[in-house]
């Protein structure tokens with residue numbers, strides 16, 4: 001069974017704000033653990049980020065994740081304020097998700113937005129339209145539960161090509177409600193193969209404070225094949241997906257005059 005993992009212990013600190021990433025590592029288990037070159041690329045990808053969502057974890061013993069964590073420097077920039085396993089029990093609409101979202105509420109004193117909720121999701125391809133639409137119900141449920149306005153939906157939503165035809169977008173509330181901002185657009189290619197061009201992986205945000213705290217132009221697809229000089233064959237050994245990312249602005253520091261005033265008080 002595939003699992004999703006949010007690495008909440010933070011890694012090498014960045015001076016350009018908090019980098020949040022999502023990466024479908026494609027059947028990440030013992031076979032990849034035994035390939036040092038693959039593990040090295042995965043480690044480098046994750047070490048770029050401050051919070052990382054990993055998908056397709058196939059490691060029941062957790063040995064691969066422990067090995068990976070042991071190689072990464074940690075730096076606590078956020079804390080977990082709460083977690084919640086969404087219960088897909090709406091009358092008449094049970095089991096809309098193959099994998100119900102495990103939601104995490106973060107507190108982030110180092111960023112302009114001080115708290116935000118991450119809703120990770122890896123949809124079933126054939127049910128992508130329904131599952132993406134149902135994320136709106138997750139939003140309403142968690143918003144009421146935690147009284148938070150700032151949400152990040154991210155993961156391999158399979159939100160492209162044949163899984164979400166153009167005619168289906170009008171039926172997806174997360175898309176047609178204008179308060180939701182899709183940071184990874186329909187024209188972005190999140191696949192490694194040169195023969196495909198699909199925006200499967202997405203980051204969607206909502207909340208005025210959160211949206212205003214996003215570093216302009218920071219939402220991107222990270223092409224690790226180009227970044228690390230890999231051939232397509234070598235890159236596909238790592239994954240058939242590229243990671244996606246976005247950065248949040250650092251808190252504004254007081255001016256020197258303001259700092260002196262605060263110190264005297």
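Cβ coordinates are placed from backbone N, Cα and C, and glycine is handled just like the others.
The structure displayed is predicted, hence computed values, not measured ones.
Copied over from TrEMBL, here are the features:
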- 161-198: disulfide bond (DISULFID)
- 21-241: domain 'Endonuclease/exonuclease/phosphatase' (DOMAIN)
- 1-17: signal peptide (SIGNAL)
**Asked** Tell me, what is the mean pLDDT of the domain 'Endonuclease/exonuclease/phosphatase' (21-241)?
**Response** 91
**Message:** According to DSSP, collapsed to three classes, what secondary structure does residue 198 (disulfide bond) have?
**Reply:** coil
